[in-house]
Amino acid sequence: QNTPLSPLARLYIYALHGCLCEVAFTAAWDWYYTRDHRLTGHTSLWALLIYSSAIFFMEGLSARLQQKHCLLPVRLTVYTLFIYLWEFSWGFLLRLFGACPWDYSQFRYNFIGLVTLEYAIPWALAALIAEKHVIRNTLKIRVLKTWCSCAQHCKRRGAQRPYTCV
């Protein structure tokens, strides 16, 4: 039997994906401005929760937009607006507790340091990758039930069908 990944397992995959992308992005961004060949990227543990929940919600959003046959540019615009709303909301909440790990105040087109228009294209690209690769492939993953090849042995032990190897 094949069963889809649980929501918790998908959240885990999305958290890891988001944090890996953030570390890679910050390393590339810093290299572009400093030419530091160490490529030291960074993130925060808050990013695990932020990215996992954002991509998880994008699953449903993506399904609805594709059911309505929205074109890719429309979907990317909706995803990017969603990402900005998500980033702003989390940033605002975390800032209330002195825990917001980012501050975009140095960017020209920022809004109270929590979001910046300079990241619109990277966010749209991230949304494209999420829809076309991360979400699509994560939803294809199945957990296989391992069937015991020694049914006679299992029957002698009093096991009920289906026989599962341990």
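Quick reminder: no glycine exception, Cβ is built from N, Cα and C everywhere.
Taken verbatim from TrEMBL:
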TRANSMEM  12-32  transmembrane segment
TRANSMEM  44-64  transmembrane segment
TRANSMEM  76-97  transmembrane segment
TRANSMEM  109-130  transmembrane segment
Beyond the flanks of the transmembrane segment (12-32) by at least 6 residues, Cβ under 8 Å:
5, 39-43, 47-52, 54-56, 122, 126, 129-130, 134, 138
Against which stretches of its own chain does the transmembrane segment (76-97) lie, if we need a Cβ under 8 Å and a gap of at least six residues from its ends?
46, 50, 53-54, 57-58, 61-62, 65, 70, 111, 113-115, 120, 123-124, 126-128, 130-131
